[in-house]
Amino acid sequence: HLLQFNKMIKFETRKNAIPFYAFYGCYCGWGGRGRPKDATDRCCFVHDCCYGKLAKCNTKWDIYPYSLKSGYITCGKGTWCEEQICECDRVAAECLRRSLSTYKYGYMFYPDSRCRGPSETC
């Protein structure tokens, strides 16, 4: 669920998804094309790929069980879709934390028109 993903991002990075990640680069936020601009954008690209493997699941709105404790995100037991969506979100939030040192404010509201060329394959 998007609100749960936002909480994971905030837990890992101490930044709100909006405005820091919702429109970042070519892949953070809705859709994406071209090459990821940097490590942060690549986290979003990989997250999009992860969701892409879950076509039968309601990735944006399915609510899943998880906890934020002792510095870790733990996905709980749920339906197959819930568990997979949670793992996609957990891995992406941790990736965004690892990419904080190279976060570029210039990519924060990056125009889609500048995302050109073929998309990478997942």
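Using the three backbone atoms N, Cα and C, a Cβ is placed for every residue, glycine included.
Note that this is a predicted model, so its numbers are computed, not measured.
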According to Swiss-Prot, which candidate in Asp38, Asp48 joins Tyr27, Gly29, Gly31 at the Ca(2+) site: Asp48
Disulfide-bonded cysteine for Cys122 as listed in Swiss-Prot, from Cys44, Cys49, Cys50: Cys49
Cys57: disulphide-bonded cysteine as recorded in Swiss-Prot, out of Cys28, Cys75, Cys81, Cys86: Cys81
Under 8 Å by Cβ from Cys43 (disulfide bond), same chain, sequence gap 6 or more: Cys28, Ala92, Cys95, Leu96, Ser99
Env. residues of Ca(2+) site, Cβ within 8 Å of mean position of Tyr27, Gly29, Gly31, Asp48 Cβ: Cys26, Cys28, Trp30, Gly32, Cys44, Phe45
Entry from the disulfide-bonded residues list Cys28, Cys44, Cys49, Cys81 having the most other CB atoms no farther than 10 A: Cys28
List of residues, in chain order, with Cβ under 8 A from that of Cys57 (disulfide bond) and at least 6 apart: Cys81, Gln84, Ile85
Nearest-integer angstrom distance between the alpha carbons (Cα) of Cys50 (disulfide bond) and Tyr27 (Ca(2+) binding site): 13
